[in-house]
Amino acid sequence: MSNHDQLHRYLFENYAVRGELVTVSETYQQVLNNHDYPAPVKKLLGELLVATSLLTATLKFDGDITVQLQGDGPLKLAVINGNNRQEMRGVARVQSEIADDSTLHQMIGNGVMVITIAPTEGERYQGVVALEGETLAECLEAYFRQSEQLPTRLFIRTGESEGQPAAGGMLLQVLPAQDGNADDFDHLVQLTNTVKSEELFGLPANEVLYRLYHQEEVTLYEPQDVVFRCTCSRQRCADALITLPAEEVAQMLEQDGNIDMHCDYCGNHYVFDAMDVAALYTGNTGESEQLH
C-alpha cells in the first residue's frame with residue numbers, strides 16, 4: 001500500500017536532524033481540475049504543492065503558508081496555499097504560450113518568489129527573494145539560507161502513479177538549538193538525494209525510509225492526511241461585492257442580468273441576481289446558493 005496524499009514526519013535518533021516525507025495524487029489532481037495547463041506548469045504546480053505541504057508541516061502554530069512565483073514571463077503567476085491542517089489549494093495564470101520543454105526561468109522570466117506566513121493569531125510575515133537556482137527546490141533552499149533559518153534541504157519529484165498525476169518530496173532540517181555536525185547533515189542529504197519517484201509514489205513511508213536510511217535509527221510518526229480544500233464561499237463573494245461602488249454593481253447587473261463570480265482555485269461559480277444584490281444592501285444575504 002502506498003502513502004498517497006499523506007505527510008509523514010520522522011526523526012533521526014542519533015543526529016540533530018528531523019525529516020518529512022509527503023506524496024500527493026488526489027490533491028494534485030484537484031488543483032489541476034478545471035484548468036488546461038501546459039505540461040511544465042502542471043509539473044511546477046506539483047512541485048509547489050509538495051514544497052508548501054513540507055513547509056506548513058514545519059509550523060509550530062495554527063496558520064497557513066503561501067508560496068508564490070510571479071514574473072514577467074509567459075507564466076505570470078503560480079501559487080499554492082496550505083495550512084497546518086494540510087488543506088491545500090492552488091492556481092496558475094498563463095499569459096502566453098509555454099513550450100513543453102520550458103524551464104522554471106523560461107516560464108517565470110524576471111521574477112521573484114514570495115513566501116507568506118500567516119498565523120491565525122499574531123503578525124503576518126512575508127519574504128520576497130529572487131529566483132536563485134535552476135529548480136524550485138534550489139530556490140527554496142536559497143530562501144532558507146538568505147533568511148538565516150535552520151539548514152534545510154528539499155527533494156521534490158513529480159510524475160505519474162497509476163495513470164494519475166503524482167508528486168512527492170522530502171525535507172531535511174537541522175533541529176534548533178542543537179550542536180549538529182555539518183558532516184552528519186551532508187551524509188543524510190546524500191542518502192535522501194537517492195530517492196526515486198517510483199519509491200515515493202508506490203511504497204509505504206516506512207519502506208521508503210528503510211531503503212534510504214537502513215543503517216540509521218529513525219522514528220516515524222503518525223501520518224497526516226493532505227487534502228484539497230478551497231476557502232471560497234457565497235458569503236465571501238457577497239462580502240467582496242458589497243465593497244464595490246453601488247453604481248458599478250448596478251452596471252454589472254444591467255450588462256449581464258446577474259453577477260457570476262468564479263473561483264479560480266476550485267472552479268465554483270456564485271451567481272447573484274438583482275434580488276440577491278438588493279438583499280446584500282439590506283443586510284440579508286439569504287439562504288439560497290447557486291452553484292454551477
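Cβ coordinates are placed from backbone N, Cα and C, and glycine is handled just like the others.
Annotated features in Swiss-Prot:
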DISULFID  Cys230-Cys232  disulfide bond
DISULFID  Cys263-Cys266  disulfide bond
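Here the features listed in Swiss-Prot are painted onto the structure.
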residue : record         : Cβ within 10 Å
Cys230  : disulfide bond : 18
Cys232  : disulfide bond : 17
Cys263  : disulfide bond : 18
Cys266  : disulfide bond : 17
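Between the CA atoms of Cys232 (disulfide bond) and Cys263 (disulfide bond) there is a gap of 7 Å, rounded to the nearest whole number.
Cα-Cα distance from Cys230 (disulfide bond) to Cys263 (disulfide bond): 9 Å (rounded to the nearest whole number).
In the three-state DSSP assignment, the secondary structure recorded for Cys230 (disulfide bond) is coil. The DSSP secondary structure for Cys263 (disulfide bond) is coil.
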